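A.B. asks: Take a look at what Swiss-Prot says about it:
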ACT_SITE  K207  active site, proton donor
BINDING   N17, V18, R49, R50, K107, G189, E192, G309  NADP(+) binding site
BINDING   V18, G47, G309  NAD(+) binding site
BINDING   V18, R49, K107, G309  NADPH binding site
BINDING   E131, V134, G136, I138  Na(+) binding site
BINDING   E192, D203  L-homoserine binding site
DOMAIN    356-435  domain 'ACT'
Amino acid sequence: MFSDERTVGVAVLGLGNVGSEVVRIIEGSADDLAARIGAPLMLRGIGVRRVAVDRGVPVDLLTDNIEELVSRADVDIVVEVMGPVELSRKAILSALEHGKSVVTANKALLAASTGELAQAAESAHVDLYFEAAVAGAIPVIRPLTQSLAGDTVLRVAGIVNGTTNYILSAMDSTGADYDSALAGARALGYAEADPTADVEGHDAAAKAAILASIAFHTRVTADDVYREGITKITPADFVSARALGCTIKLLFICERITAADGQQRVSARVYPALVPMSHPLATVSGAFNAVVVEAEAAGRLMFYGQGAGGAPTASAVTGDLVMAARNRVLGSRGPKESKYAQLPMETIGFISTRYYVSMNVADKPGVLSGVAAEFAKREVSIAEVRQEGVVDDGGRRVGARIVVVTHGATDAALSETVDALADLDVVQGVTSVLRLEGISL
């Protein structure tokens, strides 16, 4: 039902970078949006924590009473861009219960509670849209739920965190170490004061959970996603990567796997990996994002663009708002959520990939054969070995660095090998263990 036959009432929760841009678009593009929707949008109110703060909008639109705002009879659609998970969850559930369609960009909430929110929307016969939650302005949710609805998605992978991609791109192009590249990202506003969620892979894991759930029609939460961060990557790793014709990216990978018993499983993981320069993802630099979808009939599709920031994210939010508003005008709903099967998750130990292992060792005869023996004991086949001298600040040779590239091996076998290498007297330390993706096993 319409609150008014001539308008679609909108409430915006949150007036940060994204919320401010959404309000600007609603007001600045009012005529264009009305033409696309079939009725004008009317901004009914904006939920904020502190009404007294000057925010550059009419004060009579501001309220700190979120519950009252989302239950108003003249509000048809609630746009949630607040951030805090529990506060957002309560507001969205309340809005849905009051018959409001909801647009949200809250990836952390969706990664934990997509099922709960989707069921609430279904029960209330309203829409729940969240295109902006995964990759900012990049359209990937709608292609998965609509364009590929008749296909079988086999794999979804890519780069969905602009902060880490900027840091790794800077390390690759300038030779900077991690701390220097992080400082540069902070100076440009790409990294938060506390970058943990980005650099330890939490942000990418939440997005991977959302995409895996949609792509494979199963419930995946952020806790189901195996995760590693980028804080241990060194300039030496980039030197070795370039020698191998690769660069290093923080990837998310979600894929459908058929286990030995014939049962289908889902693997979802986030980690830094070597990517061949010939792969499309290797060219995604700076704060840009990209998602590659592989489907049975459609083949490989790639989506690229700005994955974060106020304006790009607001673009996706407003796109969802237009879709929800059109449905209100027509008295219809968007596509219903698929019926979900609870496919089991594949543990990381059974996932087979190629590996890059770097270690500092004593510079003496027999070391290489001892290292190779540890790989052989666990049936981890070596594809390539590189050895170089290590010198101190005075140019005196003080040891050697060995880089081993393997053929396909399970994570479990490789982990056992690394533990054994660390126990060898001649190994001073295993400095890096990275996977190689986009390379045939």
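Quick reminder: no glycine exception, Cβ is built from N, Cα and C everywhere.
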A.B. asks: Based on DSSP, tally up the residues of the domain 'ACT' (356-435) by helix, strand and coil.
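C.D. replies: Helix/strand/coil tally for the domain 'ACT' (356-435): 24 helix, 37 strand, 19 coil.
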A.B. asks: Could you check the recorded positions R49, K107, K207 and say which one's CB has the most other CB atoms within 10 Å?
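C.D. replies: When each Cβ's neighbours within 10 Å are tallied, K207 tops the list.
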A.B. asks: Which three-state DSSP class does I138 (Na(+) binding site) fall into?
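C.D. replies: In the DSSP reduction, I138 (Na(+) binding site) maps to coil.
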A.B. asks: Least buried of the binding-site residues G47, G136, G189, G309, going by other Cβ atoms within 10 Å?
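C.D. replies: G189, out of the binding-site residues G47, G136, G189, G309, has the fewest neighbouring Cβ atoms within 10 Å.
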A.B. asks: If you measure G189 (NADP(+) binding site) to G47 (NAD(+) binding site) at Cα, how many Å is it?
C.D. replies: 25
A.B. asks: What's the CA to CA span in angstrom from G47 (NAD(+) binding site) over to G309 (NADP(+) binding site)?
C.D. replies: 20
A.B. asks: In Å, how large is the greatest distance between any two Cα atoms among V18, R49, K107, G309, the listed binders of NADPH?
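C.D. replies: Pairwise Cα check on V18, R49, K107, G309 gives a maximum of 21 Å.
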A.B. asks: Going by C-alpha positions, which of the recorded positions (E131, V134, G136, D203, K207) is nearest N17 (NADP(+) binding site)?
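C.D. replies: Closest candidate to N17 (NADP(+) binding site), judged by Cα separation, is G136.
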A.B. asks: Mind giving me a neighbour count for N17 (NADP(+) binding site)? Other Cβ atoms within 10 Å of its Cβ, every protein chain shown.
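C.D. replies: Summing over all protein chains shown, N17 (NADP(+) binding site) has 16 other Cβ atoms within 10 Å.
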A.B. asks: Which number gives the other C-beta atoms within 10 angstroms of the C-beta of D203 (L-homoserine binding site), all protein chains shown included?
C.D. replies: 26
A.B. asks: Using C-alpha atoms only, work out the spacing between R50 (NADP(+) binding site) and E131 (Na(+) binding site) and round it to an integer in Å.
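C.D. replies: It is 28 Å, counting Cα to Cα.
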A.B. asks: List, in sequence order, the residues of the same chain other than E131, V134, G136, I138 whose Cβ lies within 8 Å of the centroid of the Cβ atoms of the recorded Na(+) site.
C.D. replies: A132, A133, A135, A137, P139, V140, I141, N289, G307, T313, A316
